[in-house]
Amino acid sequence: MAILEVRGVNKRFGGLQALGDVNLSVEEGSVHAIIGPNGAGKSTLLNCLVGKLNPDSGSVNFDGQSVLGRSPHEINQMGISRVFQTPEIFGDLTVIENMLIPCYARRDGAFKLNPLTSMRKGGEMQTKAEAMLDDVNMLDKLHMQASSMSRGDKRRLEMAMCLVQEPRLLLLDEPTAGMARADTNNTIDLLKEIHAKRDITMAIIEHDMHVVFSLAQRITVLAQGTPLVEDTPENIKGHPKVKEAYLGETAE
Amino acid sequence: MFGLEKRDYTLLIIVACLTMFAPFILNPFPTDSAMAQFNAGYPDLMQRFVIFGIFAIGFNLLFGLTGYLSFGHAAFLGVGSYSAVWMYKLLGYNILPGLFLSVIVSAVFALLIGYISLRRSGIYFSILTLAFAQMMFSIAYSDLIGRFLGTTITNGETGLQVYNSDPQVLHSASKPDIPHLFGQQMQSTYSLDIAGWSFDFNTGYYLCALIMIAAFYIAIRIFRSPFGLMLRAIKTNQTRLNYTGLNTRPYALAVFVISGMYAGLAGGLMACMDPLAGAERMQWTASGEVVLMTILGGAGTLIGPVLGAGFIKYFENIFSKINDSILHQWFAFFPDGIEDAVVFMIHPFIGKGWHLTLGILFMLVVIFLPGGLVEGGQRIGKLLKRGKKSEDKGDGDAASTPAE
């Protein structure tokens, strides 16, 4: 069953057709990669899914409900979490405080006025946050200021913050961008482990073919705002249209 | 205890002790000594210390936690004062209804102003709040609404005060004709003379001090609550907060209203100490002053704003009182020519020139102690600790948790 259904989505910025009639469906429990050359509209598509942009036409349904016209926080509360290309974390706060925020967000909803309740050590939320940090091997950095960590750790923290919310769909925007090969492999292992353990549906936007082919079960290739093909990694590898989009073979 | 961690509890106790024993602490010099002019333990000034302390604590909840710099907080101070005086005029001199109304009315104003201003952030937010405050100042100064309705609301330039013709329905001959709390007059002062010292214990001061301790306690609770955590998150990354399923706007608005209520309470207390309300309380200089207090003391720290308020009010009152003849007394031991030269050099920094001194001090603090006076305290604490450590030849790094 498809958990995310994108039907006939169009988005235009002035004279530029960023997305033209995009159809996409992500099966529940799968890892779905969206690839394409620069300017193919991958990030625009992602922004349409999380409420940052509103498509000019078309529909985006998550679990049977439309996400269009909703703000990012409402969409997150529906069960979609997003990992950014450059890690978006709370730099001034400590690692554990970073983790507590999504925990409270899941428990209390988008807004709760509770200025006089205290955040006790060893409370339910604290235990949950620490267990998640343990899962990503960051328990030793509990009281470190988030902005002082390495980029890889920031990325891991951001993923942990998304995962602790137990999302039904995790969107990853180039999770290995700018990483060294060793870090990239670590991230692949981490994502594999997460997928195996938690059975979360993932949609990954990625440049790096190595990452895509080692993770994804289905791949959609975007070029100039429209999906070229959607198939399994094996079939995509040798697909002539994909080669054409990436290497521009027709030009010769 | 009281739902506080040990460190916060200690801080609360320290603040409580400092305010309760302020009449002693602020009067360290005998009355007749030459240093007596540095004493700050007279009721009027002590009241201002704690009232501006409340104002700054509230301002810090907004600015220190969320980073939203309001430049119009004095508007709520003024609204609080006007509300309290109106309660004197309508009901009588008991201060409770006045304080109650000042908090409620300032909350309503904060809700309106915050709802509109919080649509923007950064400098635009500051400008919007400043614009609102200046509009409210103009309206109060010319009593625009009052003239429009054919009555008085703020009484314009004269300022709002109580007249004999006012209804004061709860007032009776047995009750005092000045602000009181169930008969306890705010102005009543008991002077304790010991040897050369004279200590003043003022009812109004102690009322304000108790309220400030309560306000400080609530501020600690807010800092340590999940709500406070969200506010700090707003300051560092609103994007992540939105994509974590949290709506930032109501959080910011809620703390704006809470902060406005603190300002309103401070304004109400001002009217309790002196039953007058004037438009100058809402002017932008007053808004700027609370910004200075918070930054000088240490924005985002618990005790900072209180220290900052005390610091600025002390300098305002003590430096502005020093004049040339006092300077001549101090430097009388110099030969005449040098004495005149020294007095001439110092002259611009005292009396009316105290703003110059404050400006220099503010610059020094911001450049060398960006974390305010609190950071200064922490550095001294660290130095002392290190000194002790090297004596003990102990190793191990002290977990550097920021003391707040």
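Residue 1 is the first one shown; counting continues down the chain.
In case you wondered, yes, glycine gets a Cβ from its N, Cα and C as well.
Look at TrEMBL and you will find B:12-29 (among others) tagged as transmembrane segment.
The transmembrane segment feature in TrEMBL is assigned to B:49-71 (among others).
TrEMBL lists B:91-116 (among others) with the feature transmembrane segment. Beyond the ends of the transmembrane segment (B:91-116), by six or more residues, the same chain brings 72, 75-76, 79-81, 83-85, 128-129, 132, 136, 162, 168-171, 175-182, 186, 252-253, 256-257, 259-261, 263-265, 267-269, 271-272, 275 to within a C-beta distance below 8 angstroms of the stretch.
According to TrEMBL, the feature transmembrane segment maps to B:123-141 (among others). Long-range Cβ contacts of the transmembrane segment (B:123-141) within its own chain (Cβ-Cβ under 8 Å, at least 6 residues beyond either end) map to 68-75, 78-79, 82, 109, 113, 116-117, 154, 156-157, 279, 282-284, 287.
Listed as Cβ neighbours of the transmembrane segment (B:204-223) (distance under 8 Å, sequence separation of 6 or more from its ends, same chain) are residues 2-4, 8, 11-12, 15-16, 19-20, 22-23, 43, 46-47, 50-51, 53-54, 57-58, 60-61, 65, 179, 181, 186-187, 255, 258, 262, 265, 269, 272-273, 302, 306, 404. What TrEMBL lists as transmembrane segment is B:204-223 (among others).
Residues annotated as transmembrane segment in TrEMBL: B:250-270 (among others).
Per TrEMBL, the feature transmembrane segment maps to B:290-315 (among others). If one looks beyond the transmembrane segment (B:290-315) by at least 6 residues along the same chain, the residues whose Cβ comes under 8 Å of a Cβ in the stretch are 8, 11, 15, 40, 45, 48-49, 52-53, 55-57, 59-60, 63-65, 69, 71, 73-74, 212, 216, 219-220, 223, 263, 354, 357-358, 361-362, 365-366, 371-375, 402, 404.
What TrEMBL lists as transmembrane segment is B:356-376 (among others).
Same-chain neighbours of the transmembrane segment (B:12-29): 2, 4, 35-36, 38-41, 45-46, 49-50, 197-202, 205, 209, 212-213, 216-217, 220, 303, 306, counting only residues six or more beyond its ends whose CB sits under 8 Å from a CB of the stretch.
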